[in-house]
Amino acid sequence: WQVLAIYMILAANLSEQQTLKQACPSCDASQLCNCSSMGLDFIPLGLTAKITVLNLAHNRIKHIRSQDLQQAVNLRALLLQSNKISSIDEDSFWSLAKLELLDLSNNSLAHVSPVWFGPLFSLQHLQLQGNFYRDLGESSPFSGLSNLSSLHLGNAWFSVIRQGNFEGIELLHKLWIDGSNLSQYEQGSLKSIKKINHMIINLRNGNIFPEIVRDLLHSVTWLEVTDIKLPVEKKSLVQNSTRPFRIQKLTFKESFFTDRTISQAIVLLKEITSLKELEAINCVLEGKGEWITKEITRSGQSFVEAVTIKKIMIPNFHLFFDLEGMESQINNLKRLTIASSNVFMVACNIARHFSSLLYLDFHDNLLANKRLDETICEGSWPSLQTLNLSQNSLKSLEQTAKCTSRLPKLNNLDISQNNFGEIPDVCKWPKSLKYLNLSSTQIPRVTTCIPPTLEVLDVSANNLKEFGLQLPFLKELYLTKNQLKTLPGATPIPNLVALSVRRNKLNSFSKEEFEGAQVGAVHLSLMECHRSLVVSVICVLVFLVILLLVAVGYKYHVVWYVRMTWAWLRAKRKPKRAPPKDVCYDAFVSYSENDSDWVENTMVRELEQACPPFRLCLHKRDFVPGKWIVDNIIDSIEKSRKTLFVLSEHFVQSEWCKYELDFSHFRLFDENNDAAILILLEPIQSKAIPKRFCKLRKIMNTKTYLEWPAGEEQQLVFWENLKGALKS
C-alpha cells in the first residue's frame with residue numbers, strides 16, 4: 001500500500017504538471033513563468049519550487065485559494081495585476097517567504113487584510129492601487145513588512161487615511177497614493193514612516209494638503225503633488241515642528257493656481273527652511289501676476305535655489321504683469337527653468353535682480369530678437385554661466401550674439417533649433433564662452449563669426465559643405481547630418497579630442513588628412529567601414545527575397561490567380577452571353593488530354609452522328625490558330641449553349657487541363673447559370689478537387705452528374721440522358 005500511495009502521489013504531481021504546461025507553456029522549462037493574457041479563471045495547478053517569477057496579469061482570476069501558491073516557495077515576483085480578484089484566502093501567501101514583488105493592482109479587492117502580508121518578510125515592492133477598498137482598515141496592513149521599499153496604493157474610492165495605517169514601515173524609497181477622492185486624513189497618519197525618499201500623491205482636496213505636509217516635514221525628501229487645486233491657507237505649515245526639516249523638493253503636476261493662492265503658498269513655503277527646489281509641470285495659473293508682493297516681501301527671504309516651470313498654461317499670458325515687487329525674492333535663486341510656457345520676455349528691472357543665478361533655461365518659448373534685447377539688458381543676469389535659448393523665434397545670429405555678450409560670465413550657450421538662416425562674418429560674443437550649440441539653425445556655412453575661444457562646438461544638422469575654421473582651443477566638434485565631403489583640417493584645430501562626422505557625404509579619407517595625429521577611438525557604422533561588403537550583402541539578400549517570392553508564387557499558383565483575375569476582369573466588360581444568332585455550338589467540351597481517346601472517338605462520334613447531330617466545340621479542332629488561348633476559351637463558351645466537363649482522376653491530376661482552360665470554370669460559374677453538364681468517367685471525390693476551384697467543388701455537391709457506366713445497356717441510357725441534357 002505504501003508503494004501504491006507513492007505512485008498515486010507521483011501520478012497526481014505529473015497530472016498537475018501537465019495541467020500547468022497546458023495552461024502556461026512557458027512554465028515547462030523556465031524559472032520565469034509567463035501566463036499573462038491567457039484567459040485564465042484560476043491560478044493553474046502544478047506550480048513548483050523552481051519558479052521564481054510568476055506572471056498572471058491580465059486574466060480573469062477572481063479568487064486566490066490557500067493551496068494555489070503553496071508549492072511555489074522560491075517565488076520572488078508575483079504579478080496578479082488587471083484580474084478580477086475580489087477575495088484572497090488568509091494564508092494564500094504564507095509560503096512565499098522569499099517574495100520580493102507583489103502586484104495586486106487593478107483588481108476588485110474591497111478591503112486590505114493585514115493577515116495576507118504577515119509572513120512576507122522579504123517583500124520590497126507592493127502595488128495595491130486600482131482596487132475598490134475605501135480605506136486601509138483600523139490598523140496597519142503593513143506592520144510585518146520591515147523590508148518594504150516601494151508602496152503604491154489608493155483608488156477612485158479611497159477616501160480615508162487613519163492613524164496607524166502605516167505602522168511598521170520604517171523607510172520607503174517611493175510611496176505613491178492615489179487620493180483623488182481623499183476626504184479625511186487623520187493628523188499624524190504618515191508620521192510613523194521615518195524616511196521617504198520620494199512621495200507622490202494625487203490629491204484633489206486641497207484642504208487636507210497642509211495637514212499632510214506637516215506630517216511629512218521630517219520624513220520626505222521629495223514631495224510630488226498632482227491634480228490639486230491649491231487652497232487659500234493662512235495657518236503655518238510648520239507650526240510647532242522643530243528643525244531641521246528633511247523636505248528638499250516640492251513638485252506640482254496638473255495643478256491649478258490663482259494669483260491669491262500662489263502668493264499665499266510662497267509665504268508659507270518660506271517656513272520650510274530645508275526646501276531648495278520647486279517644480280510646476282503642466283499646471284494652470286488663472287491670473288495676471290497680481291501677486292501680494294508686500295506680504296511676500298514682509299515674510300522674509302526664500303531659501304529656494306532652483307525653480308522649474310514646464311508647460312504652464314496662463315490663459316491671459318499676454319496680460320501678465322512683470323512681477324514688480326518680487327525683486328527681493330529672487331536674489332538667492334541659482335537655477336531657473338521656464339520651458340514650453342510662451343515666455344516672450346523678462347523685464348530688465350527684474351532680470352537685474354537675478355544676481356546669483358548660474359543656470360537659465362528658456363527653451364521652447366516665444367523669445368524673438370527684439371524682446372531678447374530687453375530680456376538680456378546691461379547689468380542683467382550678472383552671474384549667469386549657462387543659457388539655453390533653443391527652440392525660440394530668434395532670427396538674427398548677429399543680434400543674438402550681441403545680446404549674450406552682455407553676460408560677462410557666460411561660458412555655455414545653446415541657441416539650437418532657431419531659424420537663423422544666415423551667418424555674418426563677424427560677431428561679438430562673451431569673452432568667456434567655451435560651449436556653443438548652433439545645431440539645426442539653417443546656417444549654410446561657418447565663418448569667423450564663430451568665437452575662437454570655444455572648447456566645444458556643435459553645428460550638426462545644418463547645410464555645411466565644408467569646415468575650415470581656425471579654433472586653437474577646440475576639443476570637441478560635432479558635424480553630424482551635414483553635407484561634408486572632406487574632413488576638416490587638423491592644423492587649424494590642434495587640440496581636438498572628439499570629432500563626430502556621422503551622416504555626411506564622406507566617401508573616404510586619407511592618412512594625410514590627419515597629418516600624423518593619432519586617433520584614439522573611431523565610431524563608424526558598418527556601412528561607412530565596409531560599404532562594398534554591405535552593398536554585396538544587400539544584393540544577395542534582394543536576390544534571395546526575389547527567389548523566395550518566385551518559389552512562393554509557384555507553390556501557391558500566384559501567377560495563375562493573377563492571369564485568371566485579369567482575364568475575368570476583361571470578360572466582365574463583355575456581354576455574358578452572345579446573341580442567339582452568334583451561338584454556333586451546342587456544347588463546349590472541357591477534358592483532360594489523357595481522356596482524349598474516349599472524348600474524341602466515343603463521345604464526339606455518338607453526339608455528332610446523332611439524329612439530329614449535335615455541334616461540339618473542341619479546343620484541338622475549333623480554336624482559332626494564333627489567337628490567345630484565353631480569348632479562344634471565352635469566345636467558345638459564349639458561343640456554346642452548354643459546357644461539358646469530362647471529369648476523371650486524370651482531369652484533376654493534370655492541373656485541370658492547363659491553367660488556361662481553367663478560365664472556363666471561372667467564367668461559367670461566375671454567371672450562376674445551369675449551363676454546366678458534369679460527366680464522370682470514373683468515381684472522383686469532390687475533396688480531391690483543388691481548393692481554388694471552390695465553385696466547382698460546390699456544384700459537384702449540389703448538382704446531379706452523369707456517370708459513365710461499364711455495361712452496354714446502361715451506356716444506352718447514359719447517351720439518352722446526355723442528349724436530353726444538351727437539348728434542355
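Keep in mind that glycine also has a Cβ here, set from the backbone N, Cα and C atoms.
The following features are taken from TrEMBL:
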DISULFID  C27-C33  disulfide bond
DISULFID  C348-C377  disulfide bond
DISULFID  C427-C449  disulfide bond
DOMAIN    583-726  domain 'TIR'
SIGNAL    1-17  signal peptide
TRANSMEM  533-554  transmembrane segment
Same-chain residues at least 6 apart in sequence with Cβ under 8 Å of the Cβ of C377 (disulfide bond), in sequence order, are C348, A351, R352, R406
Using a 10 Å radius on the Cβ of C27 (disulfide bond), the other Cβ atoms enclosed count 22
Quick note, C427 (disulfide bond) and C33 (disulfide bond): C-alpha atoms separated, nearest Å, by 64
If you measure between the CA atoms of C27 (disulfide bond) and C449 (disulfide bond) and round to the nearest Å, you get 66
Around the Cβ of C449 (disulfide bond), other Cβ atoms within 10 Å, all chains included, total 19
Close in space but at least six residues away in sequence, with Cβ under 8 Å from that of C33 (disulfide bond), the same-chain residues are C24, S26, C27, L47, I51, V53, L54, N55
When pLDDT is averaged across the domain 'TIR' (583-726), the result is 76
Among the disulfide-bonded residues C348, C427, the one whose Cβ has the most other Cβ atoms within 10 Å is C427
